[in-house]
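Peer 1: The structure that follows is given in the form of structure tokens.
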Amino acid sequence: MNALPSAACLNTKQTPYYYYDTQLLHRTLDAIKRETDKHAHFEVHYALKANAHPQLLQQISQAGFGADCVSGGEITAALKAGFPANKIVFAGVGKRDDEIRLALQQHIFCFHVESLEELEVVNALAAQEQQVARVALRINPNVGAHTHAHITTGLSENKFGIPLTQMNTAIDACSRLEHITLIGLHFHIGSQITDMSDFVSECQRINELQTELNQHDIHLRYINVGGGLGVNYDDPDGGAIPDFQAYFDTFAQHLHYTKEQTIHFELGRSVVAQCGSLISKVLYIKEGEHKKFCIIDAGMTELLRPALYQAHHKIENRSSQGALETYDVVGPICESSDVMAQGVLLPSCHRGDILAIRSAGAYGESMASQYNGRPLVQGYLSNDFSLEERKI
Ligand code: LLP
């Protein structure tokens with residue numbers, strides 16, 4: 001089922017813009033809740049970095065999710081959208097002092113600390129605020145993931161997390177520092193992961209570490225396994241809702257935990273990717289020497305993923321059912337890498353046609369830039385289109 005409105009309806013707003021299908025968002029949130037309800041210890045924190053559109057955030061917070069934030073800006077956005085402070089975690093490899101202070105003053109649930117030096121800083125700032133900060137150590141598990149190199153995070157060559165070899169030193173530091181209390185461990189191996197065996201490897205590494213800690217009589221009440229569940233970019237309609245059952249079952253089966261522990265998941269992409277499309281208009285068709293260029297009014301400023309990760313997004317011509325032709329669909333930005341897709345078959349494109357670039361709900365709007373003097377564009381929810389418009 002394709003839930004996008006007609007081209008005439010989409011054409012009622014100034015392009016380019018993001019279109020978010022709130023019905024699909026709700027079906028996705030319901031699917032996640034259905035699965036997590038089966039496991040008493042599982043809780044999901046939405047990773048705001050995927051998309052922090054205020055209205056989407058409100059709906060996600062109203063559905064009872066927590067928030068995974070990586071900056072003071074995201075913490076502020078989460079609070080504004082109604083996420084309770086005690087369901088907010090603060091991660092990130094380079095937290096500034098003012099951001100740590102903000103998080104302390106707001107009494108967030110937990111800091112995910114990524115280095116020994118950061119532990120000292122959180123401790124010092126918590127002392128100034130006369131608080132004891134809850135921390136989890138983000139451990140770099142040195143587990144690979146079958147995904148693009150730029151979005152792998154759990155290998156020792158990546159900048160993220162405390163190296164496995166320093167974990168015990170960090171735990172000792174936590175017991176020495178009076179203004180922090182260690183409550184858990186945090187992991188994240190990468191993003192756009194569709195091979196469940198990567199998550200099995202993650203579970204195995206966490207199990208090994210927990211066994212080692214238990215032998216030293218260290219029992220942590222909180223394990224955060226990160227996010228990373230991928231979506232189907234080839235078939236955004238057939239794969240509209242990711243296989244949350246397989247994902248959560250993998251952890252239920254392979255992660256060892258006790259009934260005193262809570263297991264947190266930080267899903268971003270799988271929550272919002274499929275509900276969003278980038279809507280763009282064809283400006284020109286240019287006959288190159290060897291190919292045809294379809295030049296559109298959206299570019300890497302609105303969706304960076306194809307340029308940055310050679311990511312594939314399905315493109316549809318919503319205005320035409322004509323004969324198929326092959327195009328390079330390109331944006332207007334002065335960069336050769338500003339290509340949405342190369343050699344795609346589309347119904348014959350003409351100036352003024354409306355294209356939908358699908359699966360753009362995650363890491364689209366949140367990674368937008370103003371390069372080339374372009375203003376940031378709007379994100380509209382499906383219910384921002386009046387009933388009349390929707391009938392067009
Ligand atoms: N937790 C941590 C610690 C993370 O670093 C990330 C993503 C997430 C959770 C959420 O991961 P997700 O469920 O969305 O895969 N811009 C890239 C993705 C970068 C992901 C960064 N970290 C892209 O467009 O593919």
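Glycine residues also receive a Cβ, built from the backbone N, Cα and C atoms like all the rest.
Given the structure is predicted, the values throughout are model-derived calculations rather than measurements.
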Peer 1: Given that TrEMBL assigns Arg305, Tyr309, Glu335, Tyr363 to the substrate site, pick the one from Arg205, Arg221, Arg269 that the record assigns to that site as well.
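Peer 2: When TrEMBL describes the substrate site, the candidate it includes is Arg269.
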Peer 1: Which of Gly228, Gly299, Gly322, Gly331 shares the pyridoxal 5'-phosphate site with Glu266, Leu267, Gly268, Arg269, Tyr363 per TrEMBL?
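Peer 2: So the pyridoxal 5'-phosphate site in TrEMBL includes Glu266, Leu267, Gly268, Arg269, Tyr363 plus, from the candidates Gly228, Gly299, Gly322, Gly331, Gly228.
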Peer 1: Could you tally the C-beta atoms, other than its own, that fall within 10 angstroms of the C-beta of Gly228 (pyridoxal 5'-phosphate binding site)?
Peer 2: 30
Peer 1: Considering the recorded positions Leu267, Cys334, which residue's Cβ sits among the greatest number of other Cβ atoms within 10 Å?
Peer 2: Leu267
Peer 1: With Cβ-Cβ distance below 8 Å and at least 6 positions apart along the chain, what are the contacts of Lys49 (N6-(pyridoxal phosphate)lysine)? List them in sequence order.
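Peer 2: For Lys49 (N6-(pyridoxal phosphate)lysine), the qualifying residues are Asp68, Val70, Glu74, Gly268, Tyr363, Ser366.
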Peer 1: Below 8 Å Cβ to Cβ and six or more residues apart, same chain only. Which residues does that give for Arg305 (substrate binding site)?
Peer 2: Ala311, His313, Tyr363, Gly364, Met367
Peer 1: Between Glu335 (substrate binding site) and Glu266 (pyridoxal 5'-phosphate binding site), find the distance joining the two CA atoms and give it rounded to the nearest Å.
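Peer 2: Glu335 (substrate binding site) to Glu266 (pyridoxal 5'-phosphate binding site), Cα-Cα distance: 34 Å.
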Peer 1: Give me the largest Cα to Cα distance among Arg269, Arg305, Tyr309, Glu335, Tyr363, the residues the record lists as binding substrate, in Å as a whole number.
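Peer 2: If we measure all Cα pairs in Arg269, Arg305, Tyr309, Glu335, Tyr363, the largest is 27 Å.
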